[in-house]
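A.B. asks: Please read through the structure below; I'll follow up with questions.
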Ligand code: HEM
């Protein structure tokens, strides 16, 4: 019950005095008078910065975020979006029109959160100004009738007790010790009173929380400007230098320039993967990946050997390098129809499943007289079932095997259009080898080689290297985001759990000449512990002064009885 | 990497099943308590009447009645202040109205009242205690057998989550009389245990490299704890809605059915308590979000990428932020706030079940074997 009273009393109090916001809100709902332009603007601004609008925008934001989880998003993977558009041409086009594939940078999503933040600023700044004034002013004047407050108590002192003025001074001391700011005043009818308030940081917490959210957003924007990220695949023995041309793919922030790239280079010396060999149910599950690297900071720094692991990125001058993938790169040599080497080296094979079944595409555009292309699978541990189809049965290199089809003709590379290296465009190619053709597919173990039909050339499988997929990120905005996120968390805790309450204690000389002390408590905002505070205060007063047992004192009944549920034992001493 | 103790893991599986069965028993007994509540109430009322007749003013019953009168007085006064006191909660008359027509059998602060004797509910609580102990053993054994925290896949999140729901509930029970929530809580726990053991049973295994990080301990444990709190408040919000309807019926002279609701505190009290718990849950969820972002930065290089799982974590966060705002917005307290609390938990369940299993994303650690 105490809570109910608090809320009501608080709201009543705020409506009467400080709570202009709520009052304003009320008035607004009642009538919308004919307004001039300036007034209309003010009216719109008030609407925008009202709690109700904030709530609506919040709920709208929650709803608006959902489509981003239902449809593929361009920033996460443009290929999947293109695939989706191909599979659903009509629906996809409409969805694209409504920016459903770029939800988080869409006009409508941005509109919602920008409005929300404008509303937030419009809401919080006036609050901050008001609170700054509150902080500098004394606790509010003592209400005339303390027993109207949600928590109220009264003690009558023995005749040996202090005078009203001393009692109030003592009460102020007690309150101060409990963290209240106090202000002692004379009362018109002779006695004295003290007004006390505590928990000012609650409001500060609330303001800081909301402002921190702006900080988070601002630094996310900074990140959007200054960050960059890129991907690079490195095969064992190969290196990478942090220059634009070295990346496989690169996404710059809007204010990126190439001289922002931190100079460093690194080489993959070796890669180790550990797979579970004990578990029956999870046999072959990866347990540990380690990339042994040599890293050189700057252009002439000292080269050091370091291990890169998942969840443990390198940090090179604020640029972070992450191990995000790995796989096999079979080494092959392709000779053309003339017997010249048309391609030689490791080919990065795309891992398709947990067993490292890997997709291989080899393009030999230099082959003469016809260009050559190969598509197929690399299997680290090949097993050929009864149907004659080879599959991988283990991620480790126990029985490596290449299964390829071959093509000759025009690879389509000569017109200068960029091509995906992992896709062979077979439109202008003629099939040479395929399981379904007379020539059959190509099956190679390490060290073997195969002569293509019609004297088109040959291919040999020379060995297997491993590769790692690296993500390289630089985002100077993240520190600001992190700082404000943590600040938001801390101030949220303060705002929700610090209690803001007021206490007034008034003392006067009673009709029989003894000193009477009455006090009332009021919570500002949500406060569920007001009754406990009442009880604690009472106990302190009883310790400080010789208190007359409040037998049958009618004013005390309410407090005493309503405390029966929780704190009856301490409160109802007389009974 | 240290080998897995398969013996201990199989004990864990066994105890998980036993715990689930005992929870189911607790659920049944709670349900019986609920079904027979009209009888309990009659006995209670008889006792109250006898007591107040016997010992006058000092008796608990009389005090409670007096309390109601007091509430009326205090509640009415601010109404004189201004129209702003109307908080969308049906005004000041409501509480008093409900109190007058319907004798109070429970405390508004959910404290234990010595008078309430509910043998069935007590048996159910005892069963809950036993099953929590068995369950705790199962969860800990799971972790010990693999030398890691027992929340590496959906089976483990779900069993650990169920344990926390039950344990948090029992912890609250020490101080507060939340027995009225028993059917809901034990029901929820039974559902979670069934989902885990039947829906996504997963044999024990080591963690994959992506999950091997200290952040799994921090991020997931707080997430699961927050979910447990949100689960409790969701149940309270559902009861709040029911109680609110019932109070409205009572005020217009209607019937106060179902009888069980008389053992449930007032809608107002439920709202306050779920607000307090939701506030704690929200801070924890905020922490989860931030810790998740830090982990994502350490694992993938970006702290936020709108991955499906991240989207839904954000949606849940915003819904509960909306809930907190609703409590401060005129016309949005009471029923509407309760709905937001329920929607928030629904999103949470959706995030855990559907998003984990059907939505592709980086967080695909459901670990459900094909
Ligand atoms: C990005 C959007 C926002 C978020 C995520 C947010 C979140 C929150 C949260 C979690 C609380 C409860 C904790 C506390 O009391 O500090 C809160 C309280 C509050 N917010 Fe916001 N808020 C947002 C925008 C706004 C806006 C636009 C306004 C003003 C129109 C506003 C006004 C308030 C007020 C007045 C409170 C205190 C409520 C009370 O008295 O209990 N907030 N907000």
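Residue 1 is the first one shown; counting continues down the chain.
Keep in mind that glycine also has a Cβ here, set from the backbone N, Cα and C atoms.
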A.B. asks: Between B:257-276, B:277-296, I'd like to know which one TrEMBL lists as transmembrane segment.
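C.D. replies: It is B:277-296 that TrEMBL annotates as transmembrane segment.
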A.B. asks: I need to check the long-range neighbours of the transmembrane segment (B:153-174): which residues 6 or more away from its ends have a CB within less than 8 Å of a CB in the stretch?
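C.D. replies: For the transmembrane segment (B:153-174), the nonlocal Cβ contacts are 16, 23, 125, 128-129, 131-132, 135-136, 138-139, 142, 181, 185-186, 188-189, 192-193, 195-197, 200-202, 220, 224-225, 227-229, 231-232, 352, 356-357, 365-368.
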A.B. asks: Which of B:14-32, B:120-141, B:277-296, B:338-359 has the most Cβ pairs closer than 8 Å to the transmembrane segment (B:311-326)?
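C.D. replies: Checked against B:14-32, B:120-141, B:277-296, B:338-359; highest Cβ contact count belongs to B:338-359.
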A.B. asks: Are there residues at least 6 beyond the ends of the transmembrane segment (B:338-359) whose Cβ is under 8 Å from a Cβ of it, and what are they?
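C.D. replies: Same-chain contacts beyond the ends: 154, 157-158, 195, 200, 227, 230-231, 233-234, 237-238, 240-241, 244, 271, 274, 278, 308-309, 312-313, 315-316, 319-320, 322-323, 326, 366, 368.
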A.B. asks: Cβ under 8 Å to the transmembrane segment (B:120-141), counting only same-chain residues 6 or more beyond its ends: which ones?
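C.D. replies: Sequence-distant neighbours of the transmembrane segment (B:120-141): 8-9, 11-16, 18-20, 22-23, 25-27, 29-30, 32-33, 36, 150, 159-160, 162-163, 166-167, 169-170, 173, 179, 182, 186.
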A.B. asks: Near the transmembrane segment (B:181-204), which residues from the same chain, at least 6 beyond its ends, have a CB less than 8 A from one of its CBs?
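C.D. replies: Residues 4, 6, 9, 12, 16-17, 19-20, 23-24, 26-27, 30-31, 33-34, 121, 124-125, 128, 142, 145-146, 153-156, 158-159, 161-162, 165-166, 169, 231-232, 235-236, 238-239, 353, 357, 366-369.
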A.B. asks: Calculate the per-residue pLDDT averaged over the domain 'Cytochrome c assembly protein' (B:151-363) and state the result as an integer.
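C.D. replies: Within the domain 'Cytochrome c assembly protein' (B:151-363), the model's average pLDDT equals 89.
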